[in-house]
């Protein structure tokens with residue numbers, strides 16, 4: 001079955017697409033990455049940077065996660081990301097999203113050995 005690290009990659013990594021995504025991008029990617037199976041995931045962030053650069057965040061600044069855990073890390077540089085948010089008219093199975101292209105610091109949770117990203121916490 002899928003590991004937490006693999007799930008992070010499926011849900012959040014899109015290294016090779018340009019960061020100039022639109023709502024069409026979100027609608028396709030949310031479906032392609034299986035986040036509209038059984039329900040519409042309300043919000044999801046895709047990161048347009050190399051996996052290596054995102055994994056490196058695990059050794060950058062430690063911050064507290066939203067849930068109070070202490071294994072979150074904030075990227076030292078800003079990263080190109082796309083926020084996909086469900087629109088008001090979205091209704092399963094016709095999930096609909098709007099895209100925001102942003103350049104922000106990401107905050108991710110890391111765990112394991114090797115110490116790798118397992119959860120996207122926030123962007124700041």
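A Cβ is built for glycine as well, from the same backbone N, Cα and C atoms used for every other residue.
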Stretch carrying region 'Disordered' according to Swiss-Prot (options 1-23, 24-46): 1-23
Collapsed DSSP category at residue 7 (substrate binding site): helix
Which of 40, 43, 58, 65, all recorded positions, has a Cβ with the fewest other Cβ atoms inside 10 Å: 43
Residue 95 (disulfide bond): nearby recorded positions from 7, 12, 41, 43, 119, Cα cut-off 10 Å: 41
Among 12, 26, 119, which are recorded as recorded positions, the nearest neighbour of residue 85 (substrate binding site) by Cα: 26
Chain-internal residues near residue 84 (disulfide bond), provided their CB is under 8 angstroms and they sit 6+ positions away: 25, 26, 29, 30, 43, 44, 45, 46, 97, 98, 99
